[in-house]
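These come from TrEMBL:
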- GLU125: active site, proton acceptor (ACT_SITE)
- 131-372: domain 'Radical SAM core' (DOMAIN)
- CYS145, CYS149, CYS152: [4Fe-4S] cluster binding site (BINDING)
- GLY209, GLU210, SER241, SER263, LEU264, HIS265, ASN340: S-adenosyl-L-methionine binding site (BINDING)
- CYS383: active site, S-methylcysteine intermediate (ACT_SITE)
Amino acid sequence: MSVTLDLAAPLARSVAPPRPATASLEKPHLVGMDRDALSEALRGVGVPEKQLRMRTSQIWHWLYVRGASDFAAMRNVSRDLREKLDAAFTVARPEIVEEQISTDGTRKWLLRYPSRGAGRPVEVETVYIPEEGRGTLCVSSQVGCTLTCTFCHTGTQRLVRNLTPDDLVGQVMVARDRLGDFPAQDTPDGAIVPAEGRLVSNVVMMGMGEPLYNYDNVRQALAVVSDGDGLAISRRRITLSTSGVVPMIRPTGEEMGVGLAISLHAVRDELRDELVPINRKYPLKDLLEACRTYPGASNARRITFEYVMLKGVNDSLADARELVRLLKGIPAKINLIPFNPWPGSAYECSDWDQIERFAALVNEAGYASPIRTPRGRDILAACGQLKSESERLRKKERLAADAAA
Ligand code: SF4
């Protein structure tokens, strides 16, 4: 599911982005490959064995430190090698179909990727959320979703395909491009970005799709994103959110080493079966046990439990008390998410007073329970609102969602 920023009001801007070189339909992508695969690719175009290591580092540096999106930019690579690489591979960004900028600085990009067997090109949304000391990028893992969480807009869009490592890393590259976050780029005038530090400092796998149903690609992409000689976003600043694919939770901690977030939303199986239907397969007891034993979880590195506040559904104080009881023994914090309506959704957001009472009870029990400020509502970038162009809302529907918010 996806993240949030607030926009009380109107006037989100939709800007026409430059049309970057569109990723080729035929050529394999170098972005997203691990070093071994990159090395193999270079060997394949004739780089001599004794140069392989040096050339791999060189290309890696161009891609991830300098942000090159074209072989021609790689000036210290011989023309001959650049031409061979260009003939065999691509390093182009995904096409930006649309860029929307919320009044609070949240940015949402609609990106188009090659079909890769899905029948036609596919589209996903990526959201950037600037805050005081950080800039968080909410990355999508699938086009659509097989799960059908009833409060989530993405859940109404059937799964089209899994995103590949280059699709996934491409989302980070586009964000850094558009924010001017590579050397030799300027941040656009008026852009809202963190006052200091890196512009994209954190990544959350909370966009469209269930990342643990695309495990191998997500693992490979996050290894590239966290590589210290490249994009260098520390694993401590990466959080993966799952609806509860229990068997993959431990491997996530062991192999990816990233922070864990759980899309919880209900404290009784009966209700969670309805809100987050994967609960029928992996009920609360199993999910919480997997959290209790998550590798690397500690008081300094708590598991985040996301809890969307649905009026009259899951927001009673009895629910809050049960939540506290369930989380006993787990280093946890709870993100309370005011429900972000979307056209056709069956729920209403809890009253603010009730959200505060719920938060106070959880807080008194010793759990941090921030109420997530809705961000980007005016561009439907808020939590649970993402959906791709193929089924995008008409403007009229967007205004209706705004009015309901
Ligand atoms: S909340 Fe996540 S897992 Fe559930 S339908 Fe939405 S995108 Fe899929």
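Using the three backbone atoms N, Cα and C, a Cβ is placed for every residue, glycine included.
What you see is a predicted model, and the numbers here were worked out from it, not measured in a lab.
Feature map: TrEMBL annotations on the structure.
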{"residue": "GLU125", "record": "active site, proton acceptor", "DSSP class": "strand"}
{"residue": "CYS145", "record": "[4Fe-4S] cluster binding site", "DSSP class": "coil"}
{"residue": "CYS152", "record": "[4Fe-4S] cluster binding site", "DSSP class": "coil"}
{"residue": "GLU210", "record": "S-adenosyl-L-methionine binding site", "DSSP class": "coil"}
{"residue": "SER241", "record": "S-adenosyl-L-methionine binding site", "DSSP class": "strand"}
{"residue": "SER263", "record": "S-adenosyl-L-methionine binding site", "DSSP class": "strand"}
{"residue": "ASN340", "record": "S-adenosyl-L-methionine binding site", "DSSP class": "coil"}
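Between the binding-site residues CYS145, CYS149, LEU264, LEU264 has the most other Cβ atoms inside 10 Å of its own Cβ, all protein chains included.
Residues CYS149, taken from the recorded positions GLU125, CYS149, SER241, LEU264, ASN340, are distinguished by a CB atom under 6 angstroms from ligand 1. The average per-residue pLDDT of the prediction over the domain 'Radical SAM core' (131-372) is 94, rounded to a whole number.
Neighbour density at the Cβ, taken as the number of other Cβ atoms within 10 Å, is lowest among the binding-site residues SER241, SER263, ASN340 for SER241.
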